[in-house]
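Here TrEMBL flags 346-355, 474-485 as compositional bias 'Basic residues'. Annotation source TrEMBL lists compositional bias 'Low complexity' at 356-414, 422-432, 458-473. Annotation source TrEMBL lists region 'Disordered' at 340-485. Residues annotated as repeat 'WD' in TrEMBL: 122-163, 204-245, 275-297.
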């Protein structure tokens, strides 16, 4: 497992997590990549990949499992990339899609892995996209922007389905693990909304300082926040209290840019066992968070810290082995079932093969056993039929052509119906989020110099009179002579 840190100085830094997380352990740097030509604005990791968005309008992709730089993609919108998120379908090992927000208010959807194909560009915000969050089902997403707007996106159709005007500009939006609620962060206030009740506010969490980062517990029972003065605050979401139940002042000397759950709780219930925090002054800390609870005896124990000598803008956890183990267990069971089904199918094929051979051999045996007289009679009977067929062939060909011309529109309609059914099935699936968008780029052909000269000469020739010389206007003497008899 790696902690991947993005810095204002355009670098990505990786730190190996020790096998045993205990007091006095060390975080050793594993890699350093000069990722962008400007500051790193955002980070996300899923499966073997780590993606960073920068001020230079680029998305940089890394294979953290094999420590490889896979290259970069240009932002299809205009401006920097302030937010991005992977989407992993339920039960899958690797993510299927990548979402990236842009400073021009657009959201791009990419196919994760393979050729990293750009699928769709959704426009709606009138300012930079501050944050986005994809629902666990993959059917919709939420985004907040600099225009104080909250937008809901229908990912099956790839367009905005709902807009709302917020009281203040939101810094962050995030669905919980179950998808039945989402959190909005606006300066010092965190509001929780119910997705089932059309976004009704269920809780208001107030802090005296500006909240910069959030980490929600998997079971939705608690929320941990980092503030701009370096403090950590914990809210019990099951209680009606607006103030935090636990607060660790001066956990860092500057604002806490990111909070990451390193070791989640077993079964997803309770606080994470270990967390990591990163501050803008370049310090990464590892904490033992098993003592975090809603009681007054909550505490955090610092296990390790490392200075990165950079101004940190974000941090994520890259743990491809964690999901790979679960997927391998699922894959092993599925592989055994598939192997059993395959063996049964092979047995059925082996049983069918002798029957097919017998059926193929029967006509040959009958034909070989026919007597010569019978063969002659059959040939005599077939001669007039062959003559009739030769006469009827042109007429049949004409009829076939007419039938084809009549059947073509019907076939097209059937194909359209099949395509519409397939599109509906794709829209209902969780893994395919948006329909594929095909664009054609038509380039104008450049004219050669000779063609340009010919066009200029033709235009000049059309402007000249037919005689080849410009006709002069008659003078006063000529006009008098014409008038005189």
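Backbone N, Cα and C atoms are what each Cβ position is placed from, and that goes for glycine too.
No curator has checked TrEMBL annotations; they are predicted automatically.
Counting same-chain residues at least six beyond the ends of the repeat 'WD' (122-163), those with a Cβ under 8 angstroms from any Cβ of the stretch are 79-80, 82-85, 87, 89-90, 96-97, 99, 101-109, 169-175, 177-179, 182, 184, 427-428, 430-431, 433-435, 437. Predicted-model confidence for the repeat 'WD' (275-297) is 86, expressed as mean pLDDT. For the repeat 'WD' (204-245), the DSSP counts in helix, strand and coil order read 0 helix, 20 strand, 22 coil. For the repeat 'WD' (122-163), DSSP puts the residue distribution at 0 helix, 25 strand, 17 coil.
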